[in-house]
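For Asp299, the entry in TrEMBL reads active site, proton acceptor. What TrEMBL lists as substrate binding site is Asp34, Val35, Asp36, Gly62, Lys63, Gly64, Ala65, Asn66, Glu157, Asp299. Summarising the annotation, TrEMBL assigns ATP binding site to Asn204, Thr263, Leu264, Gly265, Ala266, Ala267, Gly268, Gly298, Asp299. Residues or ranges marked as K(+) binding site by TrEMBL: Asp293, Thr295, Cys341, Lys344, Gly346, Ser350. For 45-353, the entry in TrEMBL reads domain 'Carbohydrate kinase PfkB'.
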Amino acid sequence: MSIAPVSHCLVRGSITHKYHKSTIHHISRSIASDVDEFFHVEDVVRPGETISSTQFERRAGGKGANQAAAVARAGGTVSLVGAVGEDGIWVMRDLEAMGVDVTNVSVVQEPTGRAVIQLTPTGENCIILHKGANYALQGPPSAVTLASTTHLLLQNEIPWPSTLAYLTAARAQGITTIFNPSPMPDDNQIRSFPWTRLSWLLVNEGEAESLLAAFPPDTPASDASFPVPAGWPSHASLVSAYTVVRKLAAHPFFSTTTNVICTLGAAGVLAFLPSLSQPIYIPAVTLHGDVRDTTGAGDCFTGYLVAGLMQLEAARADATALSDSDVINILTRSTQAAGMCVEKRGALESIPAAADVERRLKSIVT
């Protein structure tokens with residue numbers, strides 16, 4: 001009897017301290033890690049205004065750390081590549097307790113990255129980032145780092161040359177590559193980025209619009225709009241997003257095999273996969289209670305999606321030929337996890353465990 005190889009995700013990304021203002025595949029993640037500082041406020045501060053916060057919290061965060069934690073919480077095997085300062089060793093311990101391998105997280109002289117977050121009672125947020133130790137590691141991945149990796153997850157809170165180096169090395173080894181370009185690269189970076197090396201692009205609606213605007217128009221009909229497929233909701237936000245994402249997915253800057261996923265917040269999720277005859281739409285989930293904090297929802301979605309891909313590849317030999325039902329199942333689970341995430345405060349702390357997501361899904365079905 002043959003034994004399926006273990007999927008391993010490598011995350012190369014950011015780690016931060018976050019301050020909040022408010023009332024089994026193996027994935028390797030090249031990440032940013034931060035300390036998140038949350039200030040709870042009635043409304044985000046305006047230019048020239050001084051306001052008081054009603055509560056202050058300090059938590060581990062960073063898009064890389066959040067996404068790596070979400071992969072682990074979803075049941076995937078994940079390693080994090082990044083850096084923290086001496087002030088961020090506790091962040092490494094928190095991540096390790098959540099199931100993330102932090103062997104490749106370096107402790108450097110620079111202070112740990114910071115995210116200063118204003119959080120309102122409705123869950124809206126406004127964020128200021130300081131890169132700190134996230135820019136301490138500039139080099140390409142070592143052969144050892146990528147040796148057991150099946151999936152590479154990247155975002156844009158780390159040095160741009162490092163992103164390019166990891167992507168190039170991973171693609172050369174046949175590793176599935178996933179990129180969440182957040183924060184958005186500048187126009188020159190967008191136009192020079194090797195988009196054809198991506199297996200998956202994950203964006204929200206605003207990021208999709210920014211990418212499309214930065215690319216040269218692909219056809220004389222680039223201003224055309226497209227109706228949503230029959231049977232889909234016809235509300236304005238979905239109609240406008242559908243046109244943007246359809247144009248982006250078909251743009252010649254991308255490979256004919258690049259899959260594009262676009263999250264639409266309260267409007268749901270769109271998926272364009274070249275191997276499928278039709279795009280896929282998943283509506284947003286019904287929440288159990290009010291929105292408490294949207295900070296980690298996108299990262300939670302990303303981690304669950306990558307873990308779903310890893311689990312699918314671990315279960316069968318040819319996971320490149322995804323069916324409609326495969327994609328629907330992965331996106332439904334990821335959307336449910338993100339919905340549960342916004343019901344709680346925090347980023348790392350709000351990521352639900354896989355068992356809790358499955359229970360919620362079963363309760364909806366029954």
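Numbers here mean position along the shown chain, with the first residue as 1.
Heads up, the Cβ atoms here are built off N, Cα and C, so glycines get one too.
Keep in mind it's a predicted model, so treat the numbers as computed, not measured.
Have a look at these and tell me how they're positioned relative to everything else.
Remark: Asp299 (active site, proton acceptor) has Lys63, Asn66, Gln67, Ala70, Ala347 as non-local neighbours, by Cβ distance under 8 Å and separation of at least 6 in sequence.
DSSP classifies Lys63 (substrate binding site) as helix under the three-state reduction.
According to DSSP, Asp299 (active site, proton acceptor) sits within a helical segment.
Note on Lys344 (K(+) binding site): other Cβ atoms within 10 Å of its Cβ, all shown chains, come to 15.
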Which of these binding-site residues is closest to Thr295 (K(+) binding site) if you go by CA atoms: Asp36, Ala65, Leu264, Ala266, Gly268?
Asp36
Comparing the binding-site residues Asp34, Asp36, Glu157, Asp293, which residue's C-beta has the most other C-beta atoms within 10 angstroms in this structure?
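That would be Asp34, with the highest Cβ count within 10 Å.
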Measure the Cβ-based neighbour count of Ala266 (ATP binding site), defined as the other Cβ atoms within 10 Å of its Cβ.
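The answer is 13 other Cβ atoms.
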Measuring Cα to Cα, how many Å separate Cys341 (K(+) binding site) from Gly268 (ATP binding site)?
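Distance between the two Cα atoms comes out at 15 Å.
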